[in-house]
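Below is one structure, written out as structure tokens; comments come after it.
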Amino acid sequence: MSEGDSVGDSVHGKPSVVYRFFSRLGQIYQSWLDKSTPYTAVRWVVTLGLSFVYMIRVYLLQGWYIVTYALGIYHLNLFIAFLSPKVDPSLMEDSDDGPSLPTKQNEEFRPFIRRLPEFKFWHAATKGILVAMICTFFEAFNVPVFWPILVMYFIMLFCITMKRQIKHMIKYRYIPFTHGKRRYKGKEDVGKTFAS
């Protein structure tokens, strides 16, 4: 490999100014993401605020309904991935390799591992809102459409998808909103001795 052939290198072998700028910008962005990780409620409040600003913008401009519909479907897709287990139980159940010994008890605690973790869900949802907001600044994305039909399509899609997801949750007995293994309290200490 000759000098200057690697990505971002200038003719003299040092990283170019543009590469260093975007590299530093990426580091700052990642640093902000890392700092925001423990503040779940604050992150979601900011995202809901952005969503509210976006909805007001669409309402005032009276357009960009296709962009809003696409954003709604994208958020629905993210939500379904958030509710789904990482390993589909129907795939684990269908393996017919012949008779096998039981390896688990039915009541054994298994933590719910999501297909899409909460932080990635929040990050993707927020980026989706920002991209949709940017699209509202360009007239090319303002496709004329009768918006009540889009609302009806979205409600139907939401109901059908959630019905299927809830049936899947009931069939394979998993709840995506558990907070760990159930803990039982023992009997209170009734045999206390009193000092006289």
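Placement of Cβ uses the backbone N, Cα and C atoms for every residue, glycine included.
So that you can see what the record holds, here are the features copied from Swiss-Prot:
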MOD_RES   S2  phosphoserine
MOD_RES   S2  N-acetylserine
MOD_RES   S6  phosphoserine
MOD_RES   S10  phosphoserine
TRANSMEM  41-61  transmembrane segment
TRANSMEM  63-83  transmembrane segment
MOD_RES   S95  phosphoserine
TRANSMEM  140-160  transmembrane segment
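Residues of the same chain lying 6 or more positions beyond the ends of the transmembrane segment (41-61) and with a Cβ under 8 Å from any Cβ of it are 67-68, 71, 122, 125-126, 129-130, 132-133, 136. Outside the transmembrane segment (140-160) by six or more residues, the chain places 63-69, 72-73, 76 with a CB less than 8 A from a CB of the stretch.
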